[in-house]
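Per TrEMBL, signal peptide is recorded for 1-25. The feature domain 'GOST seven transmembrane' is assigned by TrEMBL to 199-445. Sequence annotations record features per position, and here TrEMBL assigns transmembrane segment to 203-220, 232-251, 271-295, 339-361, 382-403, 415-439. Among the features that TrEMBL reports, region 'Disordered' is placed at 480-502. Among the features that TrEMBL reports, compositional bias 'Acidic residues' is placed at 492-502.
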């Protein structure tokens, strides 16, 4: 019976978790939200956030202009709405079960006899850490009144760091169809930024610094050797600049969010648009490098329109996902809505990876056939780095799925920021590799595609390495001619190869 009770308890709590909309902002706004039937109760999730507490500043949840309206059919009786605030660690202290049966949020006649709860109200078991928790605020409808409100500026003080959940619950069946409006303000000790997002503000300061260092190094070389710059290096410059701009914008957006508790639409739109442009150009850059653009081929030829079409499609999918997820939103997207928007983005990424590795394989084959040792070495290093990035991405996706599956109640919220930060770090690492391999220098043009010099040299080098010596011809005259001619060719090729290595 105990095992059955434990299993049912877990199922019940998971139901609450799926109904709960984790807050993505510190000010949660409710506009004619209706309470949904769950078990023997009607409830509405008010949000879920990690709140940090400290001695130097207050942390709280404040109710502002929160009002409830009930249907006219229930106006003749007095109804009760209960506001429940509890920490995720105390989730088992809300609700109960009679004889190991189905778990209930509201007290029934059987539970009233067994647990001493008050019938028609939420079952509350005092926390072992603090008997005053979970906190329940009672709100009564007056007889013949259709509305009731929470006292404006009512606050629940938070004295312990943790993941806190807010629910509005009605146990009276006559209150079916109750709707509510208003807002709640969640404040941490360091500001309005949600606890799970607060570390990201400091992270974007760090990322802005490392992007700035990379930009200084790259653009110093870029200006120094501006006469020898390749088209590919112009694209790299754009990605470096956009990356720095995006990190600075993210910090500004988070700092404003932490100060005001709101996400300004204009600033957030700028951030996600710059991010979508950067991600699109970065992916197209990797694709063009893999195709050998500027190294094996002078242009993309007939593939240009396809690459541009893929870039526009990816930008639109990424922009739609980011705008829907970040701009003007109060809560995180629900599972189905997020899956609907993430799926096109993920499919495009998978297609890009397949195209990149297919193109890279062909480029390596061409360079190997032409015996272009220096270019081949660069592309082998690039392919190894790209393979490592893909492997790390797959491994991190698996870890992210494991992280979310083993933490359904977001109790590890203090380390959740790493999930987001990892992708920015990985993108920066790959960009550093590309900047290192294709750094501007006085010999940049020697790595570029050239019909007059580069490709002819590659063909002559390949022929000289694959040409067979005539059997039986050992005349002294021919040896002398070969010796003289060969010495001249060797010197030219040696100098060319040495220049290439420089």
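Don't overthink the numbers, they just go from 1 along the chain as shown.
The backbone N, Cα and C atoms fix where each Cβ goes, glycine too.
Keep in mind that TrEMBL annotations are predicted by a computer and have not been checked by a curator.
Keep in mind that this is a model prediction, so the values were computed, not measured.
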Counting only residues 6 or more past its boundaries, what in the same chain has a CB within less than 8 Å of a CB in the transmembrane segment (232-251)?
200-201, 204-205, 207-208, 211-212, 214-215, 218-219, 222, 267, 270-271, 274-275, 277-278, 281-282, 284-285, 288-289, 293-295, 424, 427-428, 431, 434-435, 438, 440, 444
Should anything in the same chain at least six residues away from the transmembrane segment (203-220) have a Cβ under 8 Å from its Cβ atoms, list it; otherwise answer none.
236-237, 240-241, 243-244, 247-248, 250-251, 254, 417, 421, 424-425, 428, 431-432, 435, 439-440
Same chain, outside the transmembrane segment (271-295) by at least 6, Cβ under 8 Å from its Cβ: which residues?
230-232, 235-236, 238-239, 242-243, 245-246, 249-250, 253, 303, 307, 310-311, 314-315, 318-319, 322-323, 326-327, 349, 352, 355-357, 359-360, 362-363, 366-367, 375, 379, 382, 386, 427, 430-431, 434, 438, 447-449
Do any residues, 6 or more residues outside the transmembrane segment (382-403), come within under 8 Å Cβ-to-Cβ of it, and if so which ones?
286, 289-290, 353, 356-357, 360, 364, 412, 416, 419, 422-423, 426, 429-430, 433-434, 437
Which sequence positions outside the transmembrane segment (339-361), separated from its termini by at least 6 residues, show Cβ-Cβ distances below 8 Å to it?
283, 286-287, 290-292, 310, 313-314, 317-318, 320-321, 324-325, 333, 379, 382-383, 386, 390
